[in-house]
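Under the heading transmembrane segment, TrEMBL lists A:28-47, A:59-79, A:99-124.
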Amino acid sequence: MGNGTGIGRVRGLGSAKSGTHHWINQRITAVGNLLLVLWLIFSLLQLPSLDYLAVTAWLAKSWVAVPMILMLISIFYHLRLGLQVVIEDYVHEDGTKFATLLLLNFYAIGGAALGIFAIAKIAFTGAAS
Amino acid sequence: MARPQARPLSPHLSIWKWGPHMALSILHRVTGSSLAIVGALGLVWWLTAAASGPAYYAFFLEQASSWYGYVVMVGITWAFFQHLFSGLRHFVLDVGAGYELKTNKSWSLLIPVAALFTTAAIWLSIFAGKL
Ligand code: HEM
Ligand code: HEM
């Protein structure tokens, strides 16, 4: 350990390494969730029916499929950041913490991929008629 | 180099006196975590069901429009608006405003009311439309 100033020894250490980035992205995706989920809720309320034909025809439109994909990215990014903090608060044992965070990453990336693929499939294969 | 071994920890739950701000903060975490699991899985289930074709989607609809389906959806709606409104409160606190004791308490009391009101308005309009 060097014998520099206090701030020099602290810089880049501890939890202060990359917290700001995490914090800002949590806020950016919060605004994304706010706009996109409200849009989804009010769109669903406008649909004449939520049956198979109505839902697939709606999801196949590009001005629906694109915001839906953006919404999935925003939600899963936000929940990955959010649950990471929750896990770090309650899981203290190093091994378990590593495993839980690994699981969280699989869940977030896998869930987003599954949802985006479903939308793309509906959009590209056309609404079933 | 000498480093303090026992660093100070922030006081934990048992130390604080209960108040609306504490309840709201806990609710933000609970609703965020349940949206992250139940809400996100429900959303992906809906999309994959729609992508799987009419037969599987019919099965999904059966579950969604059962009584437990409605219980889950009303619950998700409430969790979303509770989290949304306390998320907006976070934005206000983030810029350094709203910490005066009275102001802080009033917002903490108002937010759950707003969330319940929004949830009720949405679902009453859905059920009214069905009559
Ligand atoms: C729609 C899906 C959403 C999900 C799944 C979700 C999930 C989460 C989770 C799991 C957390 C971590 C909770 C904690 O650390 O205690 C969190 C934090 C947060 N959420 Fe959300 N959220 C959603 C929508 C929103 C919306 C619409 C807003 C904004 C209005 C928002 C604002 C926030 C903020 C500001 C935080 C950080 C709180 C802090 O720094 O302690 N979220 N969210
Ligand atoms: C992520 C979770 C959700 C999924 C997967 C989902 C999907 C569905 C589906 C397809 C049904 C059955 C439709 C039917 O009976 O014909 C249904 C009922 C309904 N849901 Fe949801 N929903 C979710 C959350 C929400 C939320 C948050 C709202 C709030 C605005 C909502 C609004 C409705 C409406 C409008 C109905 C009753 C209308 C009807 O039966 O035609 N849903 N939901």
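Glycine is no exception: its Cβ is also placed from the backbone N, Cα and C atoms.
TrEMBL entries are annotated by machine, without manual review.
The shown structure was predicted, so the numbers you read here are calculated from the model rather than taken from an experiment.
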(request) Report, as numbers and ranges, which residues of the same chain sit near the transmembrane segment (A:99-124): CB under 8 Å and 6 or more residues beyond its ends. (result) 56, 59-62, 65, 68-69, 72-73, 75-77, 79-80, 83-84, 87, 91
(request) Residue list, the transmembrane segment (A:28-47) vs rest of chain: Cβ under 8 Å, 6 or more residues beyond ends. (result) 54-55, 58, 64, 67-68, 70-71, 74-75, 77-78, 81
